[in-house]
Amino acid sequence: MAWNTNLRWRLPLLCLVLEVAMVVLFGLFVRYSPDADSSWSNEKRKGNITSDLENEFYYRYPSFQDVHVMVFLGFGFLMTFLQRYGYCALGFNFLLAALGVQWALLMQGWFQYTKDRLILLGIKNLIDADSCVASVCVAFGAVLGKVSPVQMLLMTFFQVALFSANEFLLLHVLEVKDAGGSITIHIFGAYFGLTVTWILYRHNLDHSRERQSSVYHSNLFAMIGTLFLWIYWPSFNSAMSNYGDAQHRAAINTYCSLAASVLTSVAMSSVLHKKGKLDMVHIQNATLAGGVGVGTAAEMMLMPYGALIVGFICGAVSTLGFVYLTPFLESRLRIQDTCGIHNLHGIPGLIGAIVGAVTAAYASPDGDRGFVYPFGFHNEKDEKVQGRFQAFGLLLTLAIAMVGGTIMGLILKLPFWGQAMDEDCFDDSIYWEMHEEKSSSPEDHTHKPSVPTEPVEQPTSSATLAP
């Protein structure tokens, strides 16, 4: 029996209930931070601040802009590679991100920014919320084309809450250093999403196989997303670092790692094709792996050549993953990873976590290696202990992501969320009104063309993200 995909009441009701809840909760718990409040002039006098330029807004807003572009444009366009799923990729990414940032401001605020039971909202909160939603976008890539917007909203709501708890445990309880989010953002999002898609395994997804391929223009749109992400990733990894050398170093390390991953992924893509041709899937994704891999160690004394090595390894491993690992995961482990997030976020995230742990463990007192003494820690932890804490943070994140993904997958598996049948997946027309091209004149509707119409465009590449 076919499932009912008509969302006329379910989607509007869920959206309105969630937004009304946000309004009430913001009214009860959220206020402006001192830097954003009208009392800023009093704060200046108390702190002997001579210029408004010392307001944190002017330090953080450029980074916030870049991260915002990555979340709403970069991730959205990156997922438009499917030939008949562009509306859903962009539109649903927009929807879940809009819900996610509001819920993240509350959840992260309750965990990190409360004062007298109130959340004081400033530019740092906005960056943190966008970073949280980036993890949601990562998980979305695993289930792209196979879930309804109602399921995505529920998944976003649950994941943001779990992300905030995990982030608090790692960054504030264990004091794990993770400037670019290799652990808290990429590993958490990837393995949460992979676990959800494993639970939601579709036995007859082959019936939608044709729509899982790309065409020329869909690959171009996806490449736009890649370029947005690639350009702004240094800001993403350095946005929340301390002012000065730490933030400067994070941008440099990310810049170098990204550049190295481009050359490596191009080389590997050509080598792995029997005719030496490049696969657009690899170029869209593996070229970004360096940004993921250097995330944890971004603000550490990794050294530029170390960042290049990380990018080199991540680009190669990511490309190999698309060729060999994605088919294996689907055929043997029943993990249908639409966007190949395991290759772009999962494995490079694991590499980044290991690099961070090793770099921390071999830090030096004068700060010429690692970061322990330059950054400082409570409880007088030495570099070896910090390295072990970094490793434990990785294991804890994997456990929380997989357990949470299992719970969420079982909830989403219920048959009344408006999900499509297997043969209808990866098709915009299930949830969007499709406006076909019509004649410009109403009188021309009976006119038949005197010349043959153009043939339907066929996919130019047989490569997909989930063979």
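The first residue you see is number 1, and the count goes up from there.
Each residue, glycine too, has its Cβ placed from N, Cα and C.
The feature compositional bias 'Basic and acidic residues' is assigned by Swiss-Prot to 436-447.
What Swiss-Prot records for 458-467 is compositional bias 'Polar residues'.
For ASN48 (N-linked glycosylation site), no same-chain residue lying six or more positions away in sequence has a CB closer than 8 A to its CB. Here Swiss-Prot flags ASN48 as N-linked glycosylation site.
Taken from Swiss-Prot, the feature region 'Disordered' applies to 436-467.
The feature topological domain 'Cytoplasmic' is assigned by Swiss-Prot to 1-9 (among others), with sequence analysis given as support.
Annotated topological domain 'Extracellular' per Swiss-Prot: 31-61 (among others), in sequence order. According to DSSP, the secondary structure content of the topological domain 'Extracellular' (31-61) in residues is 16 helix, 2 strand, 13 coil.
According to Swiss-Prot, the feature topological domain 'Cytoplasmic' maps to 83-86 (among others). Here the topological domain 'Cytoplasmic' (83-86) has, by DSSP, the following mix of helix, strand and coil residues: 1 helix, 0 strand, 3 coil.
Here Swiss-Prot flags 108-131 (among others) as topological domain 'Extracellular', drawing on sequence analysis. Summarised by DSSP class, the composition of the topological domain 'Extracellular' (108-131) is 14 helix, 6 strand, 4 coil.
Residues or ranges marked as topological domain 'Extracellular' by Swiss-Prot on the basis of sequence analysis: 174-179 (among others). Distant neighbours of the topological domain 'Extracellular' (174-179): 237-238, 240-241, 246, 250, 295-296, 298-300, 356, 360, 371, 375, 377-378, 381, 386, 389-390, 392-393, 396; these residues of the same chain sit at least 6 beyond its ends, with a Cβ under 8 Å from one of its Cβ atoms.
Predicted-model confidence for the topological domain 'Cytoplasmic' (201-219) is 87, expressed as mean pLDDT. Taken from Swiss-Prot, the feature topological domain 'Cytoplasmic' applies to 201-219 (among others), supported by sequence analysis.
For the topological domain 'Extracellular' (241-251), the list of distant contacts is 59, 179-180, 234-235, 298-301, 374-375: same-chain residues at least six beyond its ends, Cβ to Cβ under 8 Å. Annotation source Swiss-Prot lists topological domain 'Extracellular' at 241-251 (among others), citing sequence analysis.
Here Swiss-Prot flags 273-282 (among others) as topological domain 'Cytoplasmic', drawing on sequence analysis.
Listed by sequence, the residues of this chain that lie at least six past the ends of the topological domain 'Cytoplasmic' (326-343) yet keep a Cβ under 8 A from its Cβ atoms are 78-79, 81-82, 138-139, 141-146, 189-190, 193-194, 197-198, 201-202, 205, 212, 281, 285-286, 289, 317-319, 465-467. Summarising the annotation, Swiss-Prot assigns topological domain 'Cytoplasmic' to 326-343 (among others).
What Swiss-Prot lists as topological domain 'Extracellular' is 365-391 (among others).
The topological domain 'Cytoplasmic' annotation in Swiss-Prot covers 413-467 (among others).
Note on the transmembrane segment (10-30): residues 99, 102-103, 105-106, 109-110, 117-119, 121, 149-150, 153-154, 157, 417-418 of its chain, located 6 or more positions outside it, place their CB under 8 angstroms from a CB of the stretch. Look at Swiss-Prot and you will find 10-30 (among others) tagged as transmembrane segment.
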**Message:** Check the transmembrane segment (153-173) against the transmembrane segment (392-412) for contact, please; criterion is three or more CB pairs under 8 Å, pairs 6 or more apart in sequence.
**Reply:** yes
**Message:** Cβ under 8 Å, sequence separation of at least 6 from the ends of the topological domain 'Extracellular' (108-131): give me the contacting residues as numbers and ranges.
**Reply:** 29-36, 56-57, 60-61, 63-64, 67-68, 70-71, 100-102, 164-165, 167-168, 172, 181, 185, 236, 239-240
**Request:** Please spell out the DSSP helix, strand and coil residue counts for the topological domain 'Cytoplasmic' (201-219).
**Result:** 12 helix, 0 strand, 7 coil
**Prompt:** Can at least 3 Cβ pairs under 8 A be found between the transmembrane segment (220-240) and the transmembrane segment (87-107), with each pair 6 or more apart in sequence?
**Reply:** no
